[in-house]
Amino acid sequence: MERGDRQPLVRKSSSSYRTFPESAARRLDKEYLRSLHNKRLYLAVFAAVLGNFSFGFALVYPSPVIPALEAHPSPALRLDQHTAPWFGSVFTLGAAAGGLSTMLLNDCLGRKLSIMFSALPSALGYALLAGAQGLWMLLLGRVLTGYAGGVTSASIPVYISEISHPGVRGMLGACPQIMAVLGSLVLYALGKYPPGLVLDWRWLAVAGEVPVLAMILLLCFMPNSPRFLLSQGKEEEALGSLCWLRGEDTDYAREYEQIKDSVRKQSRRVSCAELKDPFLYKPILIAGVMRFLQQLSGVTCILVYLQPIFKKTSVILKPEYDAALVGLVRLSAVAIAAVSMDKAGRKILLFVSAGVMLASNLTMGLYIHFVPASHNGTAANTTLVSSANLSAEPTNYITLIPLLATMFFIMGYAMGWGPITWLLMSEILPLKARGVASGLCVVVSWLTAFTLTQFFLPVVNAFGLEVPFLFFAVISAGNIFFTGCCVPETKGRSLEQIEAFFRTGRRSFLR
């Protein structure tokens, strides 16, 4: 059958998936998914997620660098208990600013160009860190790399979700988290705890430039999102983009008509009056609250201050090896999530993830509270930052508990609330508000992370290390209830079907 002979069928199938009998529509969708060629799609995703690699690298940069700068011979660069928290937390403030600007960049430049734009502040930030002669250069470098991370956080998940098809969208949606974890792991491997860095802290910043340059070069050859191009009225370019992503010998015209029909129903701008429509405010609220709860679970604080936390709890291995071990566990857990997300579903992984985080944080808090200071290395007159410079000699194997608890926390986070929060944000947000709303979610996320990271050390110094971990446990319990009450299951559904669910309230679109 020639493609022209299929046009009446295409137009019928584009009407919110309701003109075909359900079984016939599902059979056609499965046949189409089996016919697709994914090599170019994977290449486009890889080019984009190099930005997440850089983001993960920059996020945990303070972990091995703070101890090195605390012992720096130059007073202009030396960190103390007042400046170290700012060096750790100001990154998240820059990320919030990046998310705020992406509310405009995503819809003006498009998803791909927004990702490419992030390379400029990222490269400049790393250059400032590498050549820093004073504290202001260190902080500005952190702000700029954070700003780039905020832009990529809001743009990359949206770009991936819009170029992917339901058969692989869950797996590919986990790729940003995988690359962020890989970036963190490479940082831990290159920047080992003093004495003796594999790379000096300045050369660590130089190394951060490599994925940024690779990303911008590869993205020059990748297509923009077909959905974004259609929203800009560029129909021929959108059809060419989808053809490149799916393969010329596939029935991509049917998917194109479905996307085009969905885009046609939505205006380009969101008015204030439309925000009262459940079709808009429900997915935005769900995505925003998920980003808020994700950060309140404490993951950013734990990653940024991972080595000092291990030093204070006197775990049985050296802190740099513990950090690398946690990074490997995190990478493995995200890989498991990527493989199982399109089979097990999003919600079951969110439940398991929150449950593991709850048990891990509770274990960590109770261990620090009840185990004597002679065993866990805590002391009332020792701050978390200063304890990073003390030698720790664990007295028995009970000091494995904080290491195992942290490993399970990171594993739980990485298999659910890490990658799925980003994926769901890009899946459930309606096209007409996707650019603005994704930026808003990133702002909420990183402002929360900034607040927690900024106050983490003062709270630890004033009340003890167990207090934040018990707080994180309470939040993890809240994550379980929120998942059960508010989060929809999107496994195997196209973005158009998910939009139809929020527009009509009919759960049949998600079954």
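Placed from the backbone N, Cα and C atoms, the Cβ positions cover glycine too.
Listed features, source TrEMBL:
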type     : residues : note
DOMAIN   : 44-491   : domain 'Major facilitator superfamily (MFS) profile'
TRANSMEM : 41-63    : transmembrane segment
TRANSMEM : 83-105   : transmembrane segment
TRANSMEM : 117-138  : transmembrane segment
TRANSMEM : 172-191  : transmembrane segment
TRANSMEM : 203-222  : transmembrane segment
TRANSMEM : 284-306  : transmembrane segment
TRANSMEM : 348-370  : transmembrane segment
TRANSMEM : 397-424  : transmembrane segment
TRANSMEM : 436-457  : transmembrane segment
TRANSMEM : 469-487  : transmembrane segment
Contact call for the transmembrane segment (284-306) and the transmembrane segment (397-424): at least 3 Cβ pairs under 8 Å, seq gap 6+: yes
Selection from 83-105, 348-370, 469-487, the stretch that has most Cβ pairs under 8 A to the transmembrane segment (436-457): 83-105
Stretch in 41-63, 172-191, 203-222, 397-424 most in contact with the transmembrane segment (117-138), if contact is a CB pair under 8 A: 203-222
Cβ-based contact of the transmembrane segment (41-63) with the transmembrane segment (172-191), 3 or more pairs under 8 Å: yes
Contact check, the transmembrane segment (172-191) vs the transmembrane segment (83-105), 3+ Cβ pairs under 8 Å, seq sep 6+: no
Residues from the same chain, set at least six apart from the ends of the transmembrane segment (397-424), whose C-beta lies under 8 A from its own: 153, 157, 161, 169-170, 173-174, 176-178, 181, 286-287, 290-291, 293-294, 297, 299, 302, 306, 309-310, 313-317, 322, 325-326, 329-334, 336-338, 341, 346, 349-357, 359-361, 363-364, 367-368, 371, 375-377, 479, 487, 490
Overall pLDDT of the domain 'Major facilitator superfamily (MFS) profile' (44-491), taken as the mean: 81
